[in-house]
Amino acid sequence: MASSASKFIKCVTVGDGAVGKTCMLICYTSNKFPTDYIPTVFDNFSVNVVVEGITVNLGLWDTAGQEDYNRLRPLSYRGADVFVLAFSLISRASYENVFKKWIPELQHFAPGVPIVLVGTKMDLREDRHYLSDHPGLSPVTTSQGEELRKHIGATYYIECSSKTQQNVKAVFDAAIKVVIKPAVKQKEKKKKQKPRSGCLSNILCGKN
């Protein structure tokens, strides 16, 4: 029987600037896509959520991905229970930076904290008008996202669209499950104990 007292979970979103972290948080907390002013960083927010019969108080922390915030951003990592690490499915650079920048930063400042990997802007990956306006764009595929998840040891990989709200709730449900199901975390930790050798073909091989 679930306890009536809610468990507090601190969830911190990280990732390159302009990948849609703030939009995702606004969409999740307000159930609508922001069409007017979008702040650089979303105000900290907490909400009571029931996941699999367990009531949790989910605290959401947004962070700015730009280099100007490199010294301040890690201050938000203290006490984090889970990270939502986001990249844009239409930005190969943000995908590569998950491995090149964000994983090293999280391992340095918050080692051992579980990660949910998220590919944002899913709607634009199949948008013919958007793709025709951006010739040469190489969207990240689902299989490439899953390969990255395995390589960094993230517990889940989820693709979402804040504009259509598809899978936005699933992102944060997954973040909660990572914390309330320690057995899953232990299984993933065992996988991370033996890091893969060689390069990740879709991220680093053949790239500068």
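Just so it is clear, glycine is given a Cβ too, placed from its N, Cα and C backbone atoms.
For reference, Swiss-Prot has these:
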BINDING   15-22, 62-66, 120-123  GTP binding site
LIPID     Cys199  S-palmitoyl cysteine
LIPID     Cys205  S-palmitoyl cysteine
MOTIF     37-45  motif 'Effector region'
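Known features from Swiss-Prot, placed on the structure.
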residue: Gly15; record: GTP binding site; DSSP (3 states): strand
residue: Lys21; record: GTP binding site; DSSP (3 states): helix
residue: Thr63; record: GTP binding site; DSSP (3 states): coil
residue: Met122; record: GTP binding site; DSSP (3 states): helix
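When other Cβ atoms within 10 Å of the Cβ of Thr63 (GTP binding site) are tallied across all protein chains shown, the result is 22. The most densely surrounded of the binding-site residues Ala18, Gln66 is Ala18 (count of other Cβ atoms within 10 A of its Cβ). For Met122 (GTP binding site), applying a Cβ distance below 8 Å and a minimum sequence separation of six or more within one chain yields Leu89, Glu159, Cys160, Ser161, Thr164, Gln166, Asn167. Around Gly15 (GTP binding site), taking its Cβ as the centre, 25 other Cβ atoms fall within 10 Å, counting all chains. Lys21 (GTP binding site): 27 other CB atoms within 10 A of its CB, across all protein chains.
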